[in-house]
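Trainee: Quick paste of what TrEMBL says about this protein:
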- 6-24: transmembrane segment (TRANSMEM)
- 36-54: transmembrane segment (TRANSMEM)
- 60-83: transmembrane segment (TRANSMEM)
- 95-118: transmembrane segment (TRANSMEM)
- 130-153: transmembrane segment (TRANSMEM)
- 165-191: transmembrane segment (TRANSMEM)
- 197-216: transmembrane segment (TRANSMEM)
- 228-248: transmembrane segment (TRANSMEM)
- 260-279: transmembrane segment (TRANSMEM)
- 460-488: coiled coil (COILED)
- 509-742: domain 'Histidine kinase' (DOMAIN)
Amino acid sequence: MFDINDILLLVIYSSEIFFALLILFKHRENLVSKSFSFFIFCIVGWGLSLLLIQNIPNVFFGKLAFLFGSLTPIALIFFSLTFPNKKQFSKKNYWFFLPTFFFVLISLIPNTLFLGLATDNGFIETSRGLFYYPFILYVLLYFFIAIYFLYIAYKKTQNIERLQFRFFLLGLGIFSILSLCSNVILPAFGINQLNQWGPAFSIVLIVFTSYAILKYRLFDIKIQAQRIINKILPIIISVSIIIFLALILYHRTSIDRTKIGIAILILYSVLYVLFTYLFSRTRLSHILFYKTHAYQKALQSLAQEAATIIDLDFLANRIADTLVDKMSVNKAAILIIPSVKIKSECYEFEVLKEINFPAENLKVFLHLNHDIIAAFTNSHLSFVYDELEYELQKNTSLLQKQKLLAAKELCESSDAAAILGLRVQKTLLGFIVLGKKETKKTYSSEDINLLEDVSKELAIALLNSKLHQEETKKSELLQNEVEKAVEAWKQKSQENEELSNLRSQFIAVMSHQLRTPISVIRNSLDLVLEDYLGVAKKEDTQISAEQMGHIVGLLNNALLASENLKNTTESIMSSSEFIGSVPGVQIKRIDSKGFFDQRINRAKRLLEAKSFNKIVFNCAISETIPAEFISDEKKFSQIIDNLLTNAVMYTIEGSVQFSVDAKDGYFVMSISDTGVGIPKADQYKIFQRFIRMDNAQRVVPDGSGLGLYLARVYTNLLRGSITFKSEEGKGTTFVVKIPIEYSYIASK
């Protein structure tokens, strides 16, 4: 029946299985994790078989013990040939499996490794067979070979990998010595009572491996210190208490072993649950890592204090001093990008504060390549030199390797042990550069996690201080700006002279554009009057068709001139509204059909007065336009009228097209002509005031140069847009979009 020793062994083996599964499931595709987990499973299988022999004497369990005993050495060989970071098992090493295959095979054959089970002072042991001692030699030889391979690999490693090796080799060495004593040396002298404890001594290996995981990221299991304590420490403490109580109960009382075993199992369960709860509620990890938590508290206090410091230089001094004093690093530096507005092509940094950092080491930060900036901006928040080689071997991505190689080169050039990015969201502000620890220790996972967390808060504080410093500089510059005001007044006088010239140009245009239409109207009417009087003197009551045509032509000229006069006057008056102020918008509800009919009829009148049927006018009003719309009728009409007037006036022959459609809450209007077009070199300035192209002046000498200017200004006022396409000699197309409901678009 199971006794206290058996219960303790079950607890140990269950803990080891949990540990092996944790590593295996964390990295299922990793060859090192697979080999280590296989090694632990073989040890547990070996130990459970020995345990079952004592409680359920059966030859099958004896065979099972030798089977797992045969697999354990090759599992260790397999692990030693892949650790710390090999991704495949070399084919030339497969010959190691031949002796293993032999002993696995004969372990299943009766009377080879052992002859049977025998009882010695109440302890069940296996009787040694013909191949027992070759089996012992095989186990010892393979263990020594594996340790040798691990030692050779240890000599080739450096930095964090060497620290990982150191703890693993120490745990493996202690486990090997204890197992050798309990399962080989002592049985040779007839002492078999500790035989079943040999595999259980692997708990020492588990403890050292756990510490390597915790402190130096063995197997790259990045778990926090508190989480490790919550999971593993309750098991260790509970097992220790159980062992102590079991020894007392076993040797000092006469209680039945079965009852003691059941009581111990129940007590272990209670203790494990209790300690797990207590450790999750307390900060016992502070006791184990008191140095870490000492500077952790200091850095957290600094992060809180930094939020209240607005002096950039003082803040940089506080950060650097705290890092050097509390973390015991031999040197530190803080670098920032000079400008708050960071552009992707700006990779220059300036040293804000340095302690014990030689200037030549920091020169490499003056011009950083794109790979480093991209690494700190998009992925990494920190780089630790001791881990870069390991990261390079682990990563297969070519792009990621380029970033890691650039980071490694930066660390080597600057003699930095760690570089932290000061980043706000995805904007890189600068770096914290740290030297080596004075204690010669590497940066642990706790160090890195803490520094990354604190660097985020420090980055925000530095950004705030930097902004405050720049605002202060801006206020100081205001004094210089005031002094420059005098110079600005001199420049203003030159602008006034230009304004005077513009005013003179305006008056000249006004004089010419108002006088010319009036003269045309007067002369046309005089000619009509003379023709009429001539007919009257002859007392001819019948007017010939030729005379009638001549009279109609004169009247059309008068009509066109008067229309030009009206347009010019309206354009000049409208333009004057923009001098010193922005005109208002008079919104009202407008009938769509009546509005567009007026625009079309006006254009037809201009065509009749000008073209003598040489220009075809086509218009298309979509049926989808609404019956009413909300806008400024005067400004809306002037936009269309100005564009249609230009299309008619600058088209000698061909066609003028006008279309109106409604789409997505807008009127979409197109005005096309086959006129003179706009030269490509002059297209950029057609919306300026008093601008007329040379080819346009040759066709129509008279014009204010305000029509397109007002069309664009009014379009903007009505929250619309105006675009055009033109080719000289072929014509122009304007597209205007105006909101159907002005108030709705404006509110959005």
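Note: Cβ is positioned from N, Cα and C throughout, glycine not excepted.
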Trainee: Counting only residues 6+ away from its ends, which parts of the chain sit with a Cβ under 8 Å from the transmembrane segment (130-153)?
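Mentor: Apart from its flanks, the transmembrane segment (130-153) reaches 66, 69-70, 72-74, 76-77, 79-81, 83-84, 96, 99, 103, 106, 111-114, 165, 168-169, 172-173, 176, 180, 184.
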Trainee: Excluding the flanking five residues on each side, which residues at least 6 beyond the ends of the transmembrane segment (36-54) place their CB within less than 8 Å of a CB in that stretch?
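Mentor: For the transmembrane segment (36-54), the list is 6, 9-10, 12-13, 16-17, 19-21, 23-24, 61-62, 64-65, 67-69, 71-72, 75-76, 78-79, 83, 117, 123-124, 126, 195-196, 198-200, 202, 206, 219.
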Trainee: Across the coiled coil (460-488), what does the pLDDT come to on average, as a whole number?
Mentor: 73
Trainee: Are the transmembrane segment (6-24) and the transmembrane segment (260-279) close, by which I mean at least 3 Cβ pairs under 8 Å that are 6+ residues apart in sequence?
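Mentor: In this chain the transmembrane segment (6-24) contacts the transmembrane segment (260-279) - 3 or more Cβ pairs sit under 8 Å.
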Trainee: I need to check the long-range neighbours of the coiled coil (460-488): which residues 6 or more away from its ends have a CB within less than 8 Å of a CB in the stretch?
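Mentor: Long-range Cβ neighbours of the coiled coil (460-488): 303, 306-307, 309-312, 315-316, 334, 336, 340, 422, 424, 429-430.
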Trainee: In terms of Cβ proximity under 8 Å, which residues at least six beyond the ends of the transmembrane segment (60-83) contact it?
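Mentor: Apart from its flanks, the transmembrane segment (60-83) reaches 31-32, 35-36, 38-39, 41-43, 45-46, 49-50, 52-53, 89-90, 93, 96-97, 100, 103-104, 107-108, 113-114, 116-117, 126, 135, 138-139, 141-143, 145-147, 149-150, 153, 165, 168.
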